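The structure under discussion appears below in the form of structure tokens.
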Amino acid sequence: MIIAWTLYYIGNSFLNPLPWTTCDNYWNSPNCVVDHGFLKNINNITGHSMNISSQVYEDTTNMEFIANNSSEWITAQEDFWQNNVLQMSTGLEDLGNLNWRLLLCLLGAWVIVGLCIMKGIKSIGKVVYVTALLPYILLTVIFIRGLTLDGSLYGVMTYLNPDFSKLLEISIWIEAGLQVFFSLGTGTGLLISLASFNKFDNNCLRDSVLLSFTSEGTSIYCGLVIFTVLGFMATKFGLPIDKIVKSGPGIGFMAYPEALAHLPGQNVWSCLFFIMLLTVGLDSQFAICESAVGVLTDSFPRLRRRRSAITFLFCLLCFLLGIIFCFQGGIYIFQLIDWYIAAFSRPIIGILECLIFGWIYGLERLSQDLHLMIGKRLPAFFRICIAVVTPVILLVLVISTFAGYKRPAYGSYVYLQYAAVIGILISVSPIIPIIVFAIIAIRKAEGRSLSEVSIYHIRCNYLSNLIFMLT
């Protein structure tokens, strides 16, 4: 869905003026203001006495009305996002009408994805050279332009001067953990699926380290690029950066477009930014789809001859499932799914992976497999992390998430209790198939029963793991 939103913004980036820079469009609300500068002036007014002489302002009553309702003002960028792109309804209970423009963008997104993955890893490998490298080029171009702006240094210094007292807040650690899951794609099977195309003797240990540093380094670089332009906005409007940026799934479609709109050649910079988002989104989507289609073709070898048809049907199914997000209330469904999938399912899957590989399959056998592949055994650091450190940290993460649980919200809208129940069901939905298929696989295996197999492997690996981790 994010790719569909991006395509919508790319199309509108060719309009002059940019539609999210004005308040005289048919979709704009009466409370629309052009930028944060107006909001700053209104906030200044509310902080002072409203005893204004009629010699200065002809209509003191109107001025009082503006000041007293300053919290209801909305920037042109937010207005465009809410009333044009999403055409938001009042809440999850009001699904509203189908937004046909978003529907066409969603269709276009899946057509692009389907065509690129139709032939499998061979076609993806060619496209990825563009989708993987182009974002770095565009990021660097925007970064260089951002450094030439007044206030960019303020943004950089704000970004590079963290508040270490925040490390005492458990919520910060939870968000950091979830960010790692999202940026690396762990807990989804993507890395395992893509790694299956490597040569047998590929150095997977080296690749895992490089992937981690590259992924997190890219995240840091993206933040640096964004803060150069946010520093420019904060300096221009005389506001702190935390007043410029709002959290939520639409942050990339509100804060940064507003910043780029204040640059000379705003259409060019907007196009570059959203093309960058498009390539990043496509790159991730290719991996997700290839992983899903690969599971089907590996599980049912007869389907390999009809891979193109399977890919088409998969993309069609995903398109049909995504139609719900194109309704006026679709953003509330999107936020609900994102809220629960991110917080619960991935860490739990990570715990299961560590337990299975570390304690059931066993560290010694895992190390022997690695030695057979690359001629090196699993280092002690990785053994301890797989068997103890990682599952413990993830368990603390899950418990902390449950302990600090609060009902999901989108802006000022707080979901009702029934929505929270639906969200919990959504969060466990990726875990149930894993358990079910594991039970089926063990039952089909010859020999002991399920309980006997589990107890036997854990008992055999317990002592050997303790010894092997330290050798």
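Here the Cβ of each residue, glycine as well, is placed from N, Cα and C on the backbone.
Ser183 (Na(+) binding site) falls within a helix when secondary structure is assigned with DSSP. Around Ser183 (Na(+) binding site), a 10 Å sphere centred on its CB holds 16 further CB atoms from the protein chains shown. The Na(+) binding site feature in TrEMBL is assigned to Ser183, Asp283, Ser284.
For Cys32 (disulfide bond), the same-chain residues lying six or more positions away in sequence with a CB closer than 8 A to its CB are Cys23, Trp73, Ile74, Thr75, Ala76, Asp79. If you look up TrEMBL, you'll see Cys23-Cys32 marked as disulfide bond.
Among the features that TrEMBL reports, transmembrane segment is placed at 98-118 (among others).
Feature annotation from TrEMBL assigns transmembrane segment to 127-147 (among others). For the transmembrane segment (127-147), the list of distant contacts is 116, 155, 218, 221-222, 224-225, 228-229, 232, 263, 269, 272-273, 275-276, 279-280, 282-283, 286: same-chain residues at least six beyond its ends, Cβ to Cβ under 8 Å.
The annotation transmembrane segment is assigned in TrEMBL to 170-197 (among others).
Annotation source TrEMBL lists transmembrane segment at 209-233 (among others). Counting residues 6+ beyond its ends, the transmembrane segment (209-233) has Cβ neighbours under 8 Å at 36, 136, 139, 142-143, 146-147, 149-160, 179-180, 183-184, 191, 239, 241, 244-245, 255-256, 258-260, 262 in the same chain.
Sequence-distant neighbours of the transmembrane segment (267-288) (same chain, 6+ residues past either end, Cβ-Cβ under 8 Å): 2-3, 6-7, 9-10, 13-16, 18, 109, 112-113, 116-117, 124, 127-128, 130-132, 134-135, 138-139, 141-142, 145, 185, 188, 190, 193-194, 252, 256-257, 260-261. Here TrEMBL flags 267-288 (among others) as transmembrane segment.
Positions annotated as transmembrane segment by TrEMBL: 309-333 (among others).
Summarising the annotation, TrEMBL assigns transmembrane segment to 339-361 (among others).
Among the features that TrEMBL reports, transmembrane segment is placed at 381-403 (among others).
Under the heading transmembrane segment, TrEMBL lists 415-442 (among others).
Take the transmembrane segment (98-118) and the stretches 170-197, 309-333, 339-361, 415-442: counting Cβ pairs under 8 Å, 309-333 has the most. Listed in chain order, the extra residues whose Cβ falls within 8 Å of the Cβ center of the Na(+) site residues Ser183, Asp283, Ser284 are Gly185, Val280, Gly281, Ala287. With a threshold of 8 Å between CB atoms, the same-chain residues lying at least 6 positions outside the transmembrane segment (381-403) that come near it are 170, 173-174, 177, 205, 343-344, 347-348, 350-351, 354-355, 357-359, 363, 366-367, 465, 468-469. DSSP gives Cys32 (disulfide bond) a strand state. The Cβ of Ser284 (Na(+) binding site) has 16 other Cβ atoms within 10 Å, all protein chains considered.
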